[in-house]
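Accompanying notes for the structure given below.
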Amino acid sequence: MISLNRSSFLRKASATIIVGLSSNGHTNGRVEKKIGVVMESTFKEMNNGAASVLDMDGKTAVHGGVEDVYGEDHATEDQCVTPWTISVASGYSLLRDPHHNKGLAFTVKERDAHYLRGLLPPTVVSQDLQVKKMMHNLRQYQVPLQRYVAMMDLQERNERLFYKLLVDNVEELLPVVYTPTVGEACQKYGSIFRRPQGLYISLREKGKILEVLKNWPEKRIQVIVVTDGERILGLGDLGCQGMGIPVGKLSLYTALGGLRPSSCLPITIDVGTNNEQLLNDEFYIGLRQRRATGQEYKELLQEFMSAVKQNYGEKVLVQFEDFANHNAFELLARYRTSHLVFNDDIQGTASVVLAGVVAALKLVGGTLAEHTFLFLGAGEAGTGIAELIALEMSKQTKAPLQEIRKKMWLVDSKGLIVSSRKESLQEFKKAWAHEHEPVKTLLDAVKAIKPTVLIGTSGVGQTFTKEVVEAMASFNEKPVIFALSNPTSQSECTAEEAYTWSKGRAIYASGSPFDPVEYEGKVFVPGQSNNAYIFPGFGLGLIMSGAIRVHDDMLLAASEALAAQVTEENFAKGMIFPPFSKIRKISAYIAANVAAKAYELGLASQLPRPDNLVKYAESCMYSPNYRSFR
């Protein structure tokens, strides 16, 4: 059997061969001959003059057909063969390349130039017609997970069509590729797994993470979304199957924020899972062991962060996603001064909620500092939102942050967070422990604190009961109620419940989408406080300015830009967020605001600063429209 060193051949061939195309797109004959000579001599050199694969003369082999040069027909399953190919994106291989495949949209000229005649039916269709056909097919599925799988299949088959479909139908498809459907997809990821869509870095790769990063085919990475799968949405520990979240987030980075798909890298850090159901599931695709903790966990994350910077440079954005509280805060604090890092659960959620609150003030009245906030949930989201709102209040009033925090009250599983509980509280909760007698239930906390804004980040459904909403409505003309937990089943209350129990007076927003609600002849359109409003534009702003660190003022800038996009027409329908149909334009404004703040703070490295940052943001955005091939 012939042994081939593929990497040394490729280096030799790439250093020697220059492929030229004639005006009609075909390879020049003289160049083809030169390629053949070089390839043949290279193979013979590698094999010490022995016959090469290019010496095949068509002689009939023992089993028929061309002679078995590789020895594959004679190999048993236990014997090794070398899986090597040399291919050009033409003909059959072009149709299997998701980055360049256009399906029936290849023109007649392109089919001739790239050896596609006969490989496709004769009809040539437009990309718009392909989008129409795909939407027709997707709407036939009754089960959301089937739509998700169909979308993922399309992404692996025809990347530009996938993003064109998503951009043109964002309001309908956002719940399919992200919350709430992505939650079910993660739960069943082992069963629906087809092809890898990102990198899996497990404990087995400890000491080799840099090598693993180099295995990813794209080298110019600008944003990484990474999870360890311990707290996926409101569904808990899904281990390695949490990969659906980075994949979904990065799809939105491209569709909504315009980052190139090739510059996005989804990563799952697999340190095991404590989910017994997954450990006993024969289809589970991750490490079958309990979660690593302590020093072992820290060392793996440290190696990962160092390898990322070494391989991709100082300006690659690392977005932490769905880490459990005890790791999320520590990782953000540890790396925010040395890396360009962002935690969407802590910072992204806070930014989008602050934008919603600022917009809601147009309907409720008063300044931010005149309102009192009560949070159900004191984890990453709850404390992150509280801190960012407090920062904005402090900025507006010039009052010390410590004083402003007293306007924020948090309820966790043990009741209202108060000073008498301080010794037993986790470190990130201590800043929110104020003087007050102990209160055990949310309803009692609402009655005692009398908040004007109630925000749910508990991850527990149906906790904003009828009594809680009625209590909010009893001392607020327009109670602001944000039920933010995902997916829909975990929402603290539905839109219909909030509007009905408040007699149509609530200003409502949720984390997952709800349909419009009719109450006493008036139609209310619930807002969706979705992080997808913020993180795609935020990431674009960081990248286009060449930012080297994330500053809290950038988050405030993103919130201000989003709130400014809500129109009078939106307010008339009770909406406090703009429609997703305009999300690309919204993302451009957010990116411009974030970039402007990066330049102002001296954190931008992309110089000189563009004159018109909005236009520059739009010019940087990836377009999913098909390209013409020579």
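A Cβ is built for glycine as well, from the same backbone N, Cα and C atoms used for every other residue.
Straight from TrEMBL, the features:
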- 155-336: domain 'Malic enzyme N-terminal' (DOMAIN)
- Tyr178: active site, proton donor (ACT_SITE)
- Arg231, Asn486, Asn530: (S)-malate binding site (BINDING)
- Lys249: active site, proton acceptor (ACT_SITE)
- Glu321, Asp322, Asp345: divalent metal cation binding site (BINDING)
- 346-599: domain 'Malic enzyme NAD-binding' (DOMAIN)
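Within 10 Å of its Cβ, the residue among the recorded positions Arg231, Lys249 with the fewest other Cβ atoms is Arg231. Looking just at the domain 'Malic enzyme NAD-binding' (346-599), the mean pLDDT is 95. Within 10 Å of Glu321 (divalent metal cation binding site), counting CA to CA, the recorded positions Tyr178, Arg231, Asn486, Asn530 contribute Arg231. Pairwise Cα distances among Arg231, Asn486, Asn530, which the record gives as the binders of (S)-malate, peak at 18 Å. Each of the binding-site residues Glu321, Asp345 was ranked by the number of other C-beta atoms within 10 Å, and first place falls to Glu321.
Among the recorded positions listed (Tyr178, Arg231, Lys249, Asn486, Asn530), Arg231 has its Cα nearest to the Cα of Asp322 (divalent metal cation binding site). Other than Glu321, Asp322, Asp345, the residues of this chain whose Cβ falls within 8 Å of the Cβ centroid of the divalent metal cation site are, in sequence order, Thr227, Arg231, Ile232, Ile245, Phe320, Phe323, Ala328, Asn343, Asp344, Glu380. All protein chains shown were included, and the count of other CB atoms within 10 Å of the CB of Tyr178 (active site, proton donor) stands at 26. Taking the residue listed as 'active site, proton acceptor' as the reference point, none of the binding-site residues Arg231, Asn486, Asn530 has a C-alpha atom within 10 Å of its C-alpha.
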